Amino acid sequence: MSLPIEAAGPVLPATPPDPPVKPRLRGVIHQWSALLAVAAIALLLTQADSGRARIAVLVYGIGLCGLLGTSAVYHRVTWRPAARRRMRRLDHSMIFVLVAGTYTPFALLTFTEPLGTIILAVVWGGALAGMVMAIGWPDAPKKVAAVPYVALGWVGIVGLPQMIDHAGWGAVALVALGGLLYTLGAAAYALKRPDPWPTTFGYHEVFHALVVVAALCHYVAIAIYVLD
């Protein structure tokens, strides 16, 4: 006679899977970069010689410092699940603010009308749409989430002739290099490769490092060529 299943002993719950290992340097790059960015934007404001230029730098600075600061807080703090989800929405939304904010000095100070206004409208409209997507779909697959960042980032290629005329080839080279590095960073994020040292410096840190170097390229372009 077989025993009832209950008699065989209590059914133990399955052991939950171990949480993914968070690399030790997760968020560190953006943490220090955020502090440097605040000082860099303050320096840039001293270089702005008109109200229009100061507005352009302020908008750019909000995007740059906002992205780096939000990313640092999101990745350095251990959040509870609900708070982590909210921070993920904010972190992903700030990427769009950075893209649009970086375009703002070029649109206001380099492009002539009506192109400058058109580019501003397109990039900020696209950023708003991207933020809605980031807030409404925070768990989108990485390969899907990376596409609108890259697409919005290359919108300004339509203004290439004017950038050459008004800012020069040096600015074009820096902007193109920054755009390429942002694109490579998005690819690393989407593909989770390369992942050199997963417990210390993984694919996400590669992404963050490329973002910082790309942002530096654009900062130099704005400082030397746009505000000159």
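Backbone N, Cα and C define each Cβ position, glycine as well.
Any TrEMBL annotation is an automated prediction that lacks curation.
TrEMBL annotations:
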type	residues	note
BINDING	His75, His204, His208	Zn(2+) binding site
TRANSMEM	32-48	transmembrane segment
TRANSMEM	54-74	transmembrane segment
TRANSMEM	95-112	transmembrane segment
TRANSMEM	118-137	transmembrane segment
TRANSMEM	144-164	transmembrane segment
TRANSMEM	170-191	transmembrane segment
TRANSMEM	203-227	transmembrane segment
Could you name the residues, excluding His75, His204, His208, of the same chain that surround the Zn(2+) site, i.e. Cβ within 8 Å of the Cβ centre of those residues, in sequence order?
Pro23, Arg26, Gly27, Ile29, His30, Ser71, Glu205, Phe207
Minimum Cβ neighbour count within 10 Å among the binding-site residues His204, His208: which residue?
His204
On the three-state reduction of DSSP, what should I expect for His208 (Zn(2+) binding site)?
helix
State the count of C-beta atoms found within 10 angstroms of the C-beta of His75 (Zn(2+) binding site), not counting that atom itself.
22
Taking contact to mean three or more C-beta pairs under 8 angstroms, with sequence separation of 6 or more, is the transmembrane segment (144-164) in contact with the transmembrane segment (118-137)?
yes
Other parts of the chain folded back onto the transmembrane segment (118-137), taken as Cβ under 8 Å at six or more residues beyond its ends:
89, 92-93, 95-97, 99-100, 103-104, 106-108, 111, 145, 148-149, 151-152, 155-156, 158-159
Report, as numbers and ranges, every residue of the chain located at least six residues beyond the transmembrane segment (203-227) whose Cβ falls under 8 Å of a Cβ in that stretch; write 'none' if there are none.
23, 25-27, 29-30, 33, 37, 40, 44, 47-49, 53, 57, 60, 64, 68, 71, 75, 98, 102, 105-106, 109-110, 167-168, 170-171, 174-175, 177-182, 184-186, 188-189, 191-196
Are there residues at least six beyond either end of the transmembrane segment (54-74) with Cβ under 8 Å to its Cβ atoms? List them, or say none.
27, 30-31, 33-34, 37-38, 41, 44-45, 48, 87-88, 90-91, 94-95, 97-102, 104-105, 108-109, 208, 212, 215, 219, 222, 227
